[in-house]
Amino acid sequence: MSEKYIVTWDMLQIHARKLASRLMPSEQWKGIIAVSRGGLVPGALLARELGIRHVDTVCISSYDHDNQRELKVLKRAEGDGEGFIVIDDLVDTGGTAVAIREMYPKAHFVTIFAKPAGRPLVDDYVVDIPQNTWIEQPWDMGVVFVPPISGR
């Protein structure tokens, strides 16, 4: 990855609210399935904005920090996804998205961020990201002191 895109908590909340507004009316949804771990925080934000209490997870391992590896399903929510929103933080190459589509063919699959290779696999997303960009999510970062350039 040659570029980095830094996401702040404020940006994430703004994007999640924008996505939630597109998913109205909320009564059409039985619940949310968050893709662990990237979709957990966006899933909580959507659940709050839409007033949805039924939240489940599908746990898929596909990244080791910044290296993509073989998909492994650790836990899945039951059913075919009918009436459910499936949320992940991003769609990248589409590997996870293909697995999600196979597990939940009737779900409405959304992400906050989408890269070109995976974009056709989701029903909706908020932000376009170039394919060669690594996204730094706020839950992966800490706030640290940065000394002034002058050293004073």
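The backbone N, Cα and C atoms fix where each Cβ goes, glycine too.
Note that the coordinates shown come from a computational prediction; the quantities given were computed from them, not determined experimentally.
Per Swiss-Prot, the features are as follows:
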BINDING   Arg37, Gly38, Arg69, Asp88, Asp89, Leu90, Val91, Asp92, Thr93, Gly94, Gly95, Thr96  5-phospho-alpha-D-ribose 1-diphosphate binding site
BINDING   Arg69, Asp92, Thr93, Gly94, Gly95, Thr96, Trp134, Ile135  GMP binding site
BINDING   Asp89  Mg(2+) binding site
BINDING   Asp92, Ile135  guanine binding site
BINDING   Asp92, Ile135  xanthine binding site
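Annotation: Thr96 carries the greatest number of neighbouring Cβ atoms among the binding-site residues Thr93, Thr96 [cut-off 10 Å, Cβ to Cβ]. With the fewest other C-beta atoms within 10 Å around its C-beta, Trp134 stands out among the binding-site residues Asp89, Val91, Gly94, Trp134. Following the DSSP three-state reduction, the secondary structure of Gly94 (GMP binding site) is coil. For the pair formed by Asp89 (5-phospho-alpha-D-ribose 1-diphosphate binding site) and Ile135 (GMP binding site), distance between Cα atoms is given as 10 Å, rounded to the nearest Å. For Asp92 (GMP binding site) paired with Arg37 (5-phospho-alpha-D-ribose 1-diphosphate binding site), the C-alpha to C-alpha distance reads 15 Å. Cα of Ile135 (GMP binding site) to Cα of Arg37 (5-phospho-alpha-D-ribose 1-diphosphate binding site): a span of 14 Å.
Thr93 (5-phospho-alpha-D-ribose 1-diphosphate binding site) sits 12 Å from Trp134 (GMP binding site), taking the CA atoms of both as reference points. Taking the C-alpha positions, the distance from Gly95 (5-phospho-alpha-D-ribose 1-diphosphate binding site) to Trp134 (GMP binding site) comes to 16 Å.
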